[in-house]
């Protein structure tokens, strides 16, 4: 750890005790974090959410962005009355807007809870089951791969090398008869 040095009563040179340098696990001293070239970590659970741009990663640009013109269209030559068209547009837009709000008010929190639990389980399984299983499999497969490699080099390589030498002398001539 970085820090100053001090001399004790007997004249021995020591570094500053770790406890005086700040928390050894998570430095809360900004100068210490700067000295150690650590970047500041922000908690993902306390960040502010953007109430204007609610899809900053554009997950739903091509899927759910449905307007009146995307669903209902009258081709040239088959037009309804202008008043009907305007009323249909307003009805579609307002109904979609308020029904979405109603559904999100009723089911939004329970669905967020369900998806939160689901992704917590998936994350837990990935961290505590999948990755350790893959690592242990890779460790175990190394032993098998060494035995397999010895088997291949001992038995199969000479066999296929012999086959190669036998079949290397075969010549095929093709002639076209008229």
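Glycine residues also receive a Cβ, built from the backbone N, Cα and C atoms like all the rest.
What you are looking at is a predicted structure, and each value in this text was computed from that prediction instead of being measured.
Lifted from Swiss-Prot, the feature list:
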INTRAMEM  105-125  intramembrane segment
LIPID     143  S-palmitoyl cysteine
LIPID     156  S-palmitoyl cysteine
MOD_RES   2  phosphoserine
MOD_RES   2  N-acetylserine
MOD_RES   5  N6-acetyllysine
MOD_RES   6  phosphotyrosine
MOD_RES   9  phosphoserine
MOD_RES   14  phosphotyrosine
MOD_RES   25  phosphotyrosine
TOPO_DOM  2-104  topological domain 'Cytoplasmic'
TOPO_DOM  126-178  topological domain 'Cytoplasmic'
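Tertiary proximity for the intramembrane segment (105-125), restricted to same-chain residues at least six positions away from its ends with a CB under 8 Å from its CB atoms, involves no residues. For the topological domain 'Cytoplasmic' (126-178), the model's pLDDT averages out at 92. According to its DSSP assignment, residue 143 (S-palmitoyl cysteine) is helical. Secondary structure of the topological domain 'Cytoplasmic' (126-178) per DSSP (helix as H, G, I; strand as E, B; remaining residues coil): 42 helix, 0 strand, 11 coil.
All protein chains considered, the CB of residue 143 (S-palmitoyl cysteine) has 9 other CB atoms within 10 Å. Counted within 10 Å of its Cβ, the other Cβ atoms near residue 156 (S-palmitoyl cysteine) come to 10, all protein chains included. A distance of 19 Å separates the Cα atom of residue 143 (S-palmitoyl cysteine) from that of residue 156 (S-palmitoyl cysteine).
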